[in-house]
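Written out below as structure tokens is the structure these notes cover.
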Amino acid sequence: MPSAFQFQCHLVLIFLAASKGETRYLEVRDVGEDDPFLLLSEDLKRELSAGQIYRRSLRCIDMLSIEGQFTFTADQPQLHCATFFIGEPEELITIDYDFVNIDCQGGDFLKVFDGWILKGEKFPSSLDHPLTTSQRYTDFCESRNIQRSIRSSQNVAMIFFRIQQPGNGFTVTVKKSTNLFPCNVISQTPSGRFTMVIPHQHRNCSFSIIYPVVIKISDLILGHLNGLFLKKPSAGCAGVGDFVELLGGAGLDPSKMFPLADLCHSFHGSAQMKIGCDNTVLRMVSSGKHINRVTFEYHQLDLQETETRKENSIEEFCFPSI
């Protein structure tokens with residue numbers, strides 16, 4: 001059975017439905033030919049630049065990368081629905097409840113999750129998020145008027161819901177704000193360039209690219225000097241305190257992915273790696289004692305590139321899954 005991550009242009013919205021009896025965990029399913037990303041027309045771009053609020057209806061399975069007001073109205077019982085929100089790496093997402101008409105006593109629910117969760121795998125992982133898993137959920141049926149505005153801790157968030165009575169539904173407004181020091185990020189695109197900075201903070205940050213990629217680290221500043229290690233049972237950076245690791249796998253949760261290489265020293269130059277896994281993650285571990293920074297660029301891996309080695313390249317991984 002192919003991994004959902006192998007559907008490259010459709011990213012991770014080729015899925016979904018709450019698993020049996022577990023409303024907090026979502027299962028992967030195909031959603032047909034719907035493009036998960038909202039593609040903006042030139043007319044819409046002009047309307048948005050003029051200050052108008054973008055509005056549209058939500059589908060049961062949906063994905064949004066734009067601010068606006070969004071309404072879901074059930075035309076039939078909808079038991080397993082979700083909307084995924086994604087921003088630019090330096091953006092946080094705020095979801096405001098404008099109107100909610102659901103039957104909480106009858107089994108309906110409307111929940112916001114701080115991050116993404118698929119089949120029990122979370123991004124950011126529990127190791128990299130400042131809140132516990134239970135704290136990352138905001139259940140409208142439990143909080144009601146107590147919390148009608150929820151802001152994410154990173155550039156992704158989601159809502160999932162069950163509405164059984166036709167005509168019932170909800171309206172939310174989605175806004176974005178600037179995150180000065182982006183930490184955990186899911187990339188919207190298969191190519192790009194990014195600089196991650198952790199300024200004297202004891203935290204771990206992951207940058208996730210849901211494509212097979214060539215990743216090139218051009219600048220790494222840590223608070224110490226050590227070495228560069230391929231991940232082996234007896235080698236690595238575990239005792240260093242500040243390092244960068246490259247991970248690969250077929251799921252969403254970095255803590256469940258295979259560690260490929262550790263970088264434990266500061267350098268200016270080029271370290272390149274070809275990773276043919278469905279998901280590639282660059283993860284920085286920071287002790288909080290230093291200002292750590294890493295600059296890298298990435299692009300989707302071409303099959304022809306698997307046959308060509310470049311200078312300063314590290315061993316390739318995961319190519320049978322391409």
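Each residue, glycine too, has its Cβ placed from N, Cα and C.
Annotation comment: TrEMBL describes Cys60-Cys81 (among others) as disulfide bond.
Look at TrEMBL and you will find Cys104-Cys141 (among others) tagged as disulfide bond. In the shown protein chains, 14 other C-beta atoms lie within 10 A of the C-beta of Cys104 (disulfide bond).
Positions annotated as disulfide bond by TrEMBL: Cys183-Cys205 (among others). Over all protein chains present, the Cβ of Cys205 (disulfide bond) has 24 other Cβ atoms lying within 10 Å.
According to TrEMBL, the disulfide bond annotation covers Cys237-Cys264 (among others).
Sequence annotations record features per position, and here TrEMBL assigns disulfide bond to Cys277-Cys318 (among others). Here Cys318 (disulfide bond) comes close to Pro212, Gly248, Ile275, Gly276, Cys277, Asp278: these same-chain residues lie at least six apart in sequence, with C-beta atoms under 8 angstroms from its C-beta.
Looking only at the domain 'Corticotropin-releasing factor binding protein N-terminal' (52-177), the predicted model's pLDDT averages out at 93. Residues or ranges marked as domain 'Corticotropin-releasing factor binding protein N-terminal' in TrEMBL: 52-177.
Taken from TrEMBL, the feature domain 'Corticotropin-releasing factor binding protein C-terminal' covers 185-306.
Feature annotation from TrEMBL assigns signal peptide to 1-21.
For the disulfide-bonded residues Cys60, Cys81, Cys183, Cys237, Cys277, counting C-beta atoms within 10 A of each C-beta gives the highest total at Cys277. Considering only the disulfide-bonded residues Cys60, Cys81, Cys141, Cys205, Cys237 (disulfide bond) has Cys205 as its nearest partner by CA-CA distance. The most densely surrounded of the disulfide-bonded residues Cys141, Cys264 is Cys264 (count of other Cβ atoms within 10 A of its Cβ).
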